[in-house]
Amino acid sequence: MAIKDVIRKNLLPILTVLSVVFGVVLGIILRYTRDGPWSPREVMYVGYIGELYLRALKALIIPLIVSSIIAAIGNLDLSLSKKIGFRAISYYIATTILAVILGIVLVTSIHPGQGSDDGIKKAGSGKDVYTPDLLMDLPRNLFAPNLIQAAFQTYKTIITPPDMTLNETQHFIEKYNLTDGELPPKHEWPISNQYVGALNIMGLLVFSAALGVALSKLGEKGKALLDVFISLSEASMVITGWLIWISPLGIFFLVASMMIKMDDFSVMLGQVGMYFLTVVVGIGIHGFIVLPAIYILLTRKLPFTFVANMGQALITAFATATSSGTLPITMNCLEKLNGIDTRVTRFVLPIGATINMDGTALYEAVAAIFIAQVRGISLSIGQIIAISITATMASIGAAGIPQAGLVTMVMVLDVVGLPAEDITLIIAVDWFLDRFRTAINVMGDSFGAGIVYELSKKELEEIDELEGKFNEGNSIIKDENLLQNGSVKPSISTKDSYESSKL
């Protein structure tokens, strides 16, 4: 009877774990029981159901993020919103810095890139990226001029190599003493402004936060609009509850297709294998030692039950490789299983899914130093510090979408003078590492929500207590007014009462 109760209570996590195991088994069987390789179309057929599941999850990103941020900030006293926001961002920045430091310590200790690059298979091509452009594009995307466009496009500055055969480019040859085939520095390249097909999640976050603050300031005048976003947030979570029960099926086919299209397993051996191992070990230490230690230190609670309850979100993050797409599942696990207040999760998690990229920061620091080691380049302390700072900034700018870290990785390489083409040394295993990074990013977001909730619990309880008192008082006043003349006088709001209680 006890076993049945355990199975019934943990049916969804058990099914999710089994879906991963069976997906791996099916993928390996399909991969090695035929002579020729699988075509991209055949792989697409295998992963089709998983693709539909992933698309359904992504459809919830915009309504969930926008409504959650607006509802959370609009429902809270502004001073408490500031405290929660400050605690969350402080945690995110601190853990990102710790992840970068850990990655640098591991890669400089293990030396995975020691030797030559002769045996390393290169894949893909580098990207023409100018670091100042990347840094300036971040604030540009914070303030989206068109919110509809921000839902599906992100602003990006594009640079293109100049045609050195044209007359207008000949002065570069004299100015920089260029030889045939050489190009001028990237800051001289022609620039163009484009909107690329990617969700501008940071722009939506900024607008949502501003609207939430405005509705909080409006009080009763903004309550009608605030109620709309509260209802939208709740409805999004109801839909999430439906999707959760089909997640084992979607994850099963996603994992199976992932195993089929995996490059030769021999790539995991040798130098690239050591690089892969270094990143995975770093992610493991950060996720299962550093983050739990911070949680224990700040909450005085053991993290075992907390982590176990996040299993569904972590497995989904690994299977989908998108922290934004996993956001609905993460919210559900924190609210339903770990009992975290919705006012915290729906404020903290959307921000975390955007800027808290511990796994990405660790990976970028390790990758940059690994490539330098492969090239036989000795990095100074100053260059390593520059890598630390840039990796931290780049991870914050990396959107919560698959392999966004590859783009910001170019910025980290540029800081230490490594060519963008060198990113081809690690592309072969990046798609697989991306899944580990995403899982640890989601774990970091979850621990952050748990920590912020524990630190903010006293203020939240005060609001709840005041709300209970004033609701009771308003009910009495309403009854008295109805008895006297059938009219109801306006009563003070909970938010106003909380403000006055602090004076």
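Using N, Cα and C of the backbone, Cβ positions are placed for all residues, glycine too.
Please treat TrEMBL annotations as automatic predictions, because they have not gone through curation.
The transmembrane segment annotation in TrEMBL covers 12-32 (among others).
The feature transmembrane segment is assigned by TrEMBL to 52-76 (among others). Long-range contacts of the transmembrane segment (52-76) within its own chain (CB-CB distance under 8 A, at least 6 residues past either end) are made by residues 84, 151, 199, 201, 204-205, 208-209, 211-213, 215-216, 222, 226, 229-230, 232-233, 236-237, 239-240, 243, 246-247, 249-251, 253-254, 316, 320, 322, 324-329, 331, 342-347, 349-351, 353, 463, 495.
Distant neighbours of the transmembrane segment (88-110): 274, 277-279, 281-282, 285-286, 290-291, 294, 347-348, 351-352, 355-359, 361-363, 365-366, 369-370, 373, 384, 387-388, 391-392, 395-396, 444, 448-449, 451-452; these residues of the same chain sit at least 6 beyond its ends, with a Cβ under 8 Å from one of its Cβ atoms. Marked as transmembrane segment by TrEMBL: 88-110 (among others).
The transmembrane segment annotation in TrEMBL covers 195-216 (among others).
Residues or ranges marked as transmembrane segment in TrEMBL: 237-260 (among others).
Among the features that TrEMBL reports, transmembrane segment is placed at 272-297 (among others). Tertiary proximity for the transmembrane segment (272-297) is limited to same-chain residues at least six positions away from its ends with a CB under 8 Å from its CB atoms, namely 91, 95, 98-99, 102-103, 106-107, 110, 112-113, 120-121, 303, 306-307, 358-359, 362-363, 366-367, 370, 425-426, 428-429, 432-433, 436-437, 439-440, 443-444, 447, 450-451.
What TrEMBL lists as transmembrane segment is 384-401 (among others).
Per TrEMBL, the feature transmembrane segment maps to 407-433 (among others).
Sequence-remote contacts of a segment are chain residues at least 6 beyond its ends whose Cβ falls under 8 Å from one of its Cβ atoms, and for the transmembrane segment (12-32) they are 38, 46, 244-245, 247-249, 251-260, 262, 311-312, 315-316, 318-319.
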